[in-house]
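Per TrEMBL, the feature transmembrane segment maps to 6-27, 34-53, 65-82, 89-111, 123-143, 150-169, 181-203. The annotation domain 'Histidine kinase/HSP90-like ATPase' is assigned in TrEMBL to 339-429.
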């Protein structure tokens, strides 16, 4: 048929160009295996078309072999293109199909004069259609569950294969289709349509991968900027705290030194010296606290809990107040930001200071419970409670301001039996 010959020649030209493009993409750009398998599929199809031309009149055995090679490389393309690492069943089905067809092709080549290979080839020919339809059905079932993005184009390609296969084998009996188009032309049309869908699938997949890479790069860049902003905020906090703590301390030392200098050696006042020592001691503790808060080795709940308890024991050991502590950490290794640690330590210091200065009690109970999402601290004394004036004092206002800064909650209960300060902070804010 003239029309069939012209169509085949056009197909050959298209497939040669398509194959060269795929080889170029494989070697010079993506180096993805599915480019190679689709190029080999196109080569096998082109070989089949050339062998079936009237001017070539190729051997029928090689025509069948080239046609089955199309199926093998089709399976290989699907296997390499789709993400089926988690679907062991689909992977085994495709590999088994490739092995089955390869055995059939080998038996076809060695059939001459061999009863064994003749029997193998006979079994292969009787089972081939069933095996091919089974594998196509497995692939359609797998892709149907995805049905998004590039999977959709693969689904269209597989549906084209199954539709054309049904028309080739039953179209003449059901519709008299072969009066209008031959089975061979249907086979060519099937492959060309599949190539179009597979090419669209490749473009879509690479576009999705590119978008995903850009999204991840954006997230990395955003995270980097957030870390830089966090670092800048932390530097500003440290500078602010150093200005407050060290600046005030150095000014006090300077003033106290000038007073001592004016008094002279004969009128040395030991109370003034003690005040100077206390100021230096306070500055030393403030520096240690700041260094502790910015040390990344302390960025976990366990270290924070140990530091709070140790600080409480050291604070109350110089007072007649008995300090008791208990803790319950569900995830001791959970991280806690430096800003959260430092502000909670200052809140705790203020709470301990209020207990020591105003409670007139004999004991202070401190408890800390925490998980990966929140920290809950309670400071409770058995003193006389706080008056209304003290309950609204500067220290408690400072505590509330710091808790609000951390998006936490603080509750104060005070009566004749003592005072309880209940603090809860979400650490994943």
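Heads up, residue numbers simply count up from 1 along the chain you see.
A Cβ is built for glycine as well, from the same backbone N, Cα and C atoms used for every other residue.
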In the domain 'Histidine kinase/HSP90-like ATPase' (339-429), how many residues does DSSP put in helix, strand and coil?
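DSSP classes over the domain 'Histidine kinase/HSP90-like ATPase' (339-429) add up to 36 helix, 32 strand, 23 coil.
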Find the member of 34-53, 65-82, 150-169, 181-203 that has more C-beta pairs under 8 Å to the transmembrane segment (89-111) than any other listed stretch.
65-82
Counting only residues 6 or more past its boundaries, what in the same chain has a CB within less than 8 Å of a CB in the transmembrane segment (123-143)?
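Residues packing against the transmembrane segment (123-143) from afar: 71, 75, 78, 82, 84, 87, 89-90, 93-94, 97, 100-101, 103-104, 107, 151, 154-155, 158-159, 161-162, 165, 169.
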Other than its close neighbours in sequence, what residues sit by the transmembrane segment (181-203), given a CB gap under 8 Å and a spacing of at least six beyond its ends?
1, 4, 7-8, 11, 14-15, 18, 34-35, 38, 42, 45, 49, 52, 67, 70, 74, 77, 81, 150-151, 153-154, 156-157, 160-161, 164-165, 167-168, 171-172
Apart from its near flanks, which chain residues at least 6 from the ends of the transmembrane segment (34-53) lie with a Cβ under 8 angstroms of it?
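For the transmembrane segment (34-53), the far contacts come to 5, 8-9, 11-12, 15-16, 18-19, 22-23, 25-26, 59, 62-63, 66-67, 69-70, 72-74, 76-77, 80-81, 184, 188, 191, 195, 198, 202.
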